[in-house]
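As written in TrEMBL, here are the features:
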- 1-23: signal peptide (SIGNAL)
- 216-244: region 'Disordered' (REGION)
- 231-240: compositional bias 'Polar residues' (COMPBIAS)
- H656: active site (ACT_SITE)
- D704: active site (ACT_SITE)
- E713: active site (ACT_SITE)
- 731-835: domain 'CBM2' (DOMAIN)
Amino acid sequence: MIRRLAAALALLTAFALATPAHAADEGPEQIVNGTFDEGTGPWWGTGNLTLGVDDGRMCVDVPGGTANPWDVIIGQDNLPLVEGETYAFSFYASATPAKVGRALVQLPVDPWTQYLSAAPEMSVSGNVYRYTFTAPVSLPNAQVAFQMGGSAEPWRFCMDDVSLRGGAEPEEYEPDTGPRVRVNMVGYLPSGPKNATVVTEATEPLKWELKDASGRTVARGKSDPRGVDASSGQNVQSIDFSGHRKPGAGYTLTADGETSRPFDIAENLYDEMRVDSLKFYYTQRSGIEIRDDLRPGYGRPAGHVGTAPNRGDTSVPCQPGVCDYSLDVSGGWYDAGDHGKYVVNGGISVHQLMSLYERDKAAFADRQLRIPESGNGVPDVLDEARWEQEFLLSMQVPQGERLAGMAHHKIHDAQWTGLPLMPHLDPQPRELHPPSTAATLNLAATAAQAARVFAPYDAAFAARNLAAARRAWAAAVANPDLLADPNDGVGGGAYSDTDVSDEFYWAAAELFITTGEKEFAQFVLASPHHTGDIWRERGFDWGNTAQLGRLELATVPNAIRDRERVRRSVLEGAEKYLAVQRDQAYGQPYGPPDYDWGSNNLVLNNMVVMAVAYDLTGKEKYRAGVREGMDYILGRNALNQSYVTGYGEVSSQNQHSRWYARQLDASLPNPPRGTLSGGPNSAIQDPVAQRLLQGCEPQFCYVDHIESWATNELTINWNAPLAWISAFLADRSGHAGCDVRYTAQGGRNFVAHVTVRNTGGKSLDGWNLRWSFPGAQRVRDSWGAAVSQDGPVVTAKSRGKLRPGATAAFGFAGTAPAGPNPSPEVFHVNGDRCR
Ligand code: 9MR
């Protein structure tokens, strides 16, 4: 890790001694796209500007009525300066009408030390300006800023040929990718597939050797030539050492004269990641102090509670003209490295947390995550989900207002802020943005899900959610095309989406599962997403949510007419991702020609589809696909790095964040262990990536730099599939030879008869059978077995012997809430799952 960070910094400051002194204006060019031949990137402007290229120059309309020079800025960041070097700074500029501006080369953060400060007197016809200065410090990230505020009247500014020459030759960026043999640096599960990839010139099979920690060779074989891998541009061969199952630490794999980084073979590999990936959410919380005793090194004051300089989220008005009320939208999770809170990605995040809980409720307990609510008798994962769900509820337009029942799309700062900036120190005004159909349907879906999931613990909260879900649904049906504005991206992300038919489908599915009502069944059955091929190779995410609806209908007990077909369709999706995976020499189930923003979360979501296929069928190939997919995330990739902080010898450490900004301020921490980085993104929208990664092959479009927000951010919606998959991989339940029949009769008071048949070869000397109820069903009285209940989780115990082929029967009387009371479908006998 340290080596990698050092390499990244060295690259930005390199050659201080090695390079001969240049006459400054013959030195290397440091500005990227100073001629505006490639549009306006990586230049940025303050939110009151629209950057544009006009006749080959960058031109902006500068608004009038600002007070300070720095109220209007165009800038470029991340310019490396070398101490003692002389730089020539030049540009062409014009002003209509004529104006004096400010041109600065400076420190990009407080105290904004200026290395050059000029006051060009600009004319309508335009002039070229030239300055020189000597850098007093070495700095990887100086800023060039044109400050143009402070004018009462509006005016027009144009510039061109911006140049900063001198210093070190910008080095071609070469990531430090370590040994050419690529493995999952965390390790492999003993019974799982074990694959590696070797980068090599060789086209003939290579010999490989697996060595244990003592250096003894424990397995050997030949690799499989794969040719040039399109996702990396590398010639590669793959190695399969699945045959070796013996647990141990410190294994290495050698091929082509290279030895991999060490890894383990162990059963418990994912136990900590399952917890860490969920603990991530507490430190993303807004509106509450983060306690240092719960997260040593991460304690901080509550953000956005209305204490200066925060304006607070306790009474947030709308953007001008959008509404005339204010809402208390405090709480929730910060989206990512910014301080914004957005309903659509909050929606999928809280959904996936509730979904991993619904998959196996017995696996999630109170006191697992060390959060303030630990010890309240509710599983911590639900307490964490509730923190966000309460926020989503608060975003709903109140009754009596225009668009009542809709949800505001997002709330965030009026202007983008710089890094670092602790949440409680953010001085920006906060604004509610217009309601959108997408946000409203996210609210409907998650609130419907919360209504059943929270029912055993808090009936009032469950009822509040169901009522909100119904109101949201009705409002979305009445306003089906209120789309978020794709240009509303100042101070926060736009999260716009042109097609919300998938959100309608997902919300209808959740509402149907929870209520069983015909209206929702009809909507589900009529939706094109119910039967269409929704398994896109690029995966599902906050903007593509039909898959959530389909997965829910397949896994959560419900009475949709064509349930069997729905379940089969998930297998089709999983088969498709297995096929994609087979084609990838690095084993990732994701293979588009260019990688998307947040590609790692798409890889993980494709693995969720495979995992559900495994749960539905028990077929090993699907679980093997998930296990192999994780190898890519944890080091078997072109960069030889793990994308989960703290996991594997080299992992992402510098994810873009205003408060885990250690790379900018050594007194701040790195992101907590278990934080996923977004990962390679071919479009490299940020200046650092544009500077370092031009022309990158997909897997190389990544840099672990805090300012690379397009390749290296952290988000709540990316950690959610990491948590889902970690929970799946940590699940050690095997297959039990058992067949359970569960039949229930009655309504609010029901009687259930259960039979358990031992279909395995071994006699059971006493057995316990476990299932969980979908909602607030309760066992009242039982016979034939001792039945106990903890929240929704029920365990029936018997001391009787159950021989192979024999059947035991028991029954119970229970009570059910209003609505559907479908039979449980997942049963565990003595800890193993019946198939
Ligand atoms: O994750 C989002 C990605 O899918 C979009 O393509 C991108 C551009 O709109 O925005 C990403 O979301 C960012 C959001 O806009 C602001 N907070 C950080 C998010 C992650 O980078």
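Every residue, even glycine, has its Cβ placed from backbone N, Cα and C.
Annotated features, which come from TrEMBL, shown on the structure.
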residue	record	Cβ within 10 Å
H656	active site	27
D704	active site	24
E713	active site	24
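For the pair E713 (active site) and D704 (active site), the Cα-Cα distance reads 9 Å.
Across the structure, D704 (active site) and H656 (active site) place their CA atoms 9 angstrom apart. On the 0 to 100 pLDDT scale, the domain 'CBM2' (731-835) averages 96 in the predicted structure. Sorting the compositional bias 'Polar residues' (231-240) by DSSP state (H, G, I as helix; E, B as strand; all else coil) yields 0 helix, 7 strand, 3 coil. Each residue of the region 'Disordered' (216-244) gets a DSSP state, and the totals for helix, strand and coil are 0 helix, 19 strand, 10 coil.
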